């Protein structure tokens, strides 16, 4: 990949990041809440979360990044592999953030703890006009889909796909070795724990978590496949660009394959 092409790739990610920041600041649609449905949003307002936003972002971003550099260190993968993996992971996370935020703003679904965000004293007005802090109330209208769930799966599912490719979990030479399958599933389990914790914190309904998880996993897989072949491919451990520049005299199995 030339300098111009790399610059264009990075530019796309910068624009997506800016779009993410802008959508973070916009107010959501104020969906009308009927008195008979208030029970859905009357769960306690919990400030101590199992996975605070900062911790979730660290996990979602650093897990795939750590695996990329660990693979390079342990298997002596070339710079092209690491660069393509970083581009794929960053694209998945950036696209996920923009799409998740836009859907949140359009839907404007109240969180399970919205009642106590809207009425901190627990006393609802007859016209249901909120008396709570405006920022807290607006954040309470961003339940669907779950951002924690989508980011967790965007980052950790990508890590799973990357591991599966490097370990050949789904090719003939990698099947039948249970530790490889466990390694592939571990990040997905961690992502599920983060996602489900949002229902325990009363920050999301189960539908928010389910759809958010699906969004994150979809972007993780789509972006992974933009740079890497299918996980059933015998050369799934190599990015497309690396395969294109492979000398015809070199056997595919000689590059970046871990035999255990």
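Glycine is treated like the rest: Cβ placed from N, Cα and C.
On a predicted model such as this, the values are computed, not experimentally measured, just so you know.
Here Swiss-Prot flags 1-50 (among others) as topological domain 'Extracellular', drawing on experimental evidence. Note on the topological domain 'Extracellular' (1-50): its mean pLDDT in the predicted model is 93.
Here Swiss-Prot flags 72-86 (among others) as topological domain 'Cytoplasmic', drawing on a curator's inference.
According to DSSP, the secondary structure content of the region 'Phosphatase sequence motif I' (104-112) in residues is 4 helix, 0 strand, 5 coil. Feature annotation from Swiss-Prot assigns region 'Phosphatase sequence motif I' to 104-112.
If you look up Swiss-Prot, you'll see 108-150 (among others) marked as topological domain 'Extracellular'.
Per Swiss-Prot, region 'Phosphatase sequence motif II' is recorded for 145-148. Long-range contacts of the region 'Phosphatase sequence motif II' (145-148) within its own chain (CB-CB distance under 8 A, at least 6 residues past either end) are made by residues 51, 53, 56, 97, 100-101, 103-104, 194-195, 197-198, 203-204, 208-209, 211-213, 215.
Around the Cβ of residue 148 (active site, proton donors), the same chain contributes 51, 53, 56, 194, 195, 197, 198, 203, 204, 212, each under 8 angstroms and 6 or more positions distant in sequence. For 148, the entry in Swiss-Prot reads active site, proton donors, with the evidence type similarity to another entry.
What Swiss-Prot lists as topological domain 'Cytoplasmic' is 172-175 (among others).
Here the region 'Phosphatase sequence motif III' (197-207) has long-range neighbours at 40, 43-46, 49-51, 109, 111-113, 143-144, 146, 148-149, meaning same-chain residues at least 6 beyond its ends whose C-beta is under 8 angstroms from one of its own. Swiss-Prot lists 197-207 with the feature region 'Phosphatase sequence motif III', giving similarity to another entry as the kind of evidence.
Taken from Swiss-Prot, the feature topological domain 'Extracellular' applies to 197-205 (among others).
Annotated active site, nucleophile per Swiss-Prot: 204, in sequence order, evidence recorded as similarity to another entry. A coil conformation is recorded for residue 204 (active site, nucleophile) in the three-state DSSP classification, outside any helix or strand.
Sequence-distant neighbours of residue 208 (site 'Stabilizes the active site histidine for nucleophilic attack'): residues of the same chain at least 6 apart with a C-beta under 8 Å from its C-beta are 109, 143, 144, 145, 146, 149, 198. Among the features that Swiss-Prot reports, site 'Stabilizes the active site histidine for nucleophilic attack' is placed at 208, with the record citing similarity to another entry.
The topological domain 'Cytoplasmic' annotation in Swiss-Prot covers 224-260 (among others).
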Around the Cβ of residue 204 (active site, nucleophile), other Cβ atoms within 10 Å, all chains included, total 29
Three-state secondary structure, residue 148 (active site, proton donors) (per DSSP)
helix
